[in-house]
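*Asks:* Questions regarding the structure given below will be posed in turn.
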């Protein structure tokens, strides 16, 4: 009798994806982030579901319903903070995952990579809409500022913004639709993640050396299931340290003030994981130019496969490209810092220089270093 694991139509899919999957024998801890993102998504869907049971998407009661969750619902505070900090963990894993892809040349799997970019946009949209739901000051003004950016689109801009708002300003209709979208998008993300995996399993995983690993494969279970569980334990440890010791560390104190359309906060800024893109947006004095730069800050990832000039796939043996990669990481940290600063003299210039450097690394310096390294190989 055949093993049910290999014969049952449904169990067979799980078996081929997580148990008998042939995996390269040398993939490092940087390959853990895919499974960690899956865990983050599950945590977010579960905690979000329980929050949605008590939340009301009405401008008059939204803020108090979140307060009610924290004060009166059994373990409501831990569910709420796991959801808020879970989003931060999600983005940390996402940035690490994308960074790994750039460093080791995983972007040469173009279908997987492009679905990944689509996933990133969807996750960012979901997080933005989730930030609006508590209806604090930063929720309201963040929603106003970010949705207003669409008015920069020529001809249809103003109509588009009012259509998204459901009126002439961010109000009850906006909050209700944002809640609806925030609820449905994680399930769309789950479907996209399944497609992401489907495309990945067509080619098999990349590995740190960037060479074909067909001659040396090991089964996913038990080797990488155990390895992923270690990563999972560390993720949960960090998440629970955040939730139980400093739940508001990554949040904005302004969001504990109920939304007031008549009072603008001194510094309107998004959550920390959007600050790098926000800094790029602000560094361009033109509204439409800023919006384009904002979109391109993520969309530039789609151009990387076309600009891969090196004969080697991975950066493992390419010191020049490695230096550029870590310069990019430092640049992103600088942009994140600038995004949280007021629009004043030194910060404006630093932001503009960091933005120029960001695009230069992707579009000019990395392809150039690939060509130079090819020449050095012949030398």
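Cβ atoms here come from the backbone N, Cα and C positions, even for glycine.
Below are the features listed in Swiss-Prot for this protein:
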- 33-53: transmembrane segment (TRANSMEM)
- 77-98: transmembrane segment (TRANSMEM)
- 83, 182: heme b b562 binding site (BINDING)
- 97, 196: heme b b566 binding site (BINDING)
- 113-133: transmembrane segment (TRANSMEM)
- 178-198: transmembrane segment (TRANSMEM)
- 201: ubiquinone binding site (BINDING)
- 226-246: transmembrane segment (TRANSMEM)
- 288-308: transmembrane segment (TRANSMEM)
- 320-340: transmembrane segment (TRANSMEM)
- 347-367: transmembrane segment (TRANSMEM)
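Looking at the shown structure, what environment does each listed feature sit in?
*Replies:* When Cβ-Cβ distances below 8 Å are used as the criterion, the transmembrane segment (33-53) is approached by residues 69, 79-80, 82-83, 86-87, 89-90, 93-94, 96-97, 100, 130, 182-183, 186-187, 189-190, 193, 228, 231-232, 235, 239 of the same chain, each at least six residues removed from its ends.
With a threshold of 8 Å between CB atoms, the same-chain residues lying at least 6 positions outside the transmembrane segment (77-98) that come near it are 30, 33-34, 36-37, 40-41, 43-44, 47-48, 50-51, 66, 69-71, 116, 120, 123, 127, 130, 235, 238-239, 242-244, 247, 250-251, 271-273, 301.
On its own chain, residue 182 (heme b b562 binding site) has 48, 126, 129, 130, 133 as residues at least 6 apart in sequence with a Cβ closer than 8 Å to its own Cβ.
Listed in sequence order, the residues of the same chain lying 6 or more apart from residue 196 (heme b b566 binding site) and placing their CB within less than 8 Å of its CB are 112, 115, 116, 119. In three-state terms derived from DSSP, residue 196 (heme b b566 binding site) belongs to a helical segment.
Taking Cβ pairs closer than 8 Å, the transmembrane segment (113-133) reaches residues 48, 55, 57, 62, 66, 87, 90-91, 94, 98, 101, 106-107, 139-140, 142-143, 146, 174-175, 178-179, 181-182, 185-186, 188-189, 192-193, 195-196, 199, 270-271, 273-274, 298-299, 301-302, 304-305 in its own chain, all 6 or more past its ends.
Beyond the transmembrane segment (178-198), the same-chain residues lying 6 or more positions past its ends with a Cβ under 8 Å from any Cβ of the stretch are 17, 37-38, 41, 44-45, 48, 52, 55, 57, 112, 115-116, 118-119, 122-123, 125-126, 129-130, 132-133, 143.
Neighbours of residue 201 (ubiquinone binding site), defined as other CB atoms within 10 A of its CB across all chains, total 14.
Residues 29, 32-33, 35-36, 39-40, 43, 78, 81-82, 85-86, 88-89, 93 of the same chain sit 6 or more residues outside the transmembrane segment (226-246) yet have a Cβ under 8 Å from a Cβ within it.
Within the same chain, residues 99, 102-103, 267, 269-270, 272, 274-280, 282-283, 310, 347, 350-351, 354-355, 357-358, 361-362, 365-366, 369-370, 372-373 sit at least 6 positions outside the transmembrane segment (320-340) and bring their C-beta atoms closer than 8 Å to a C-beta of that stretch.
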*Asks:* According to DSSP, does residue 201 (ubiquinone binding site) fall in a helix, a strand, or coil?
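*Replies:* The residue in question, residue 201 (ubiquinone binding site), is helix (DSSP, three-state).
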*Asks:* Which three-state DSSP class does residue 182 (heme b b562 binding site) fall into?
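*Replies:* Assignment for residue 182 (heme b b562 binding site) reads helix.
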*Asks:* What does the structure give for the C-alpha distance between residue 201 (ubiquinone binding site) and residue 97 (heme b b566 binding site)? Integer Å is fine.
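*Replies:* Per the Cα atoms, residue 201 (ubiquinone binding site) and residue 97 (heme b b566 binding site) stand 17 Å apart.
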*Asks:* Expressed to the nearest Å, what is the distance separating residue 97 (heme b b566 binding site) and residue 83 (heme b b562 binding site) at their Cα atoms?
*Replies:* 20
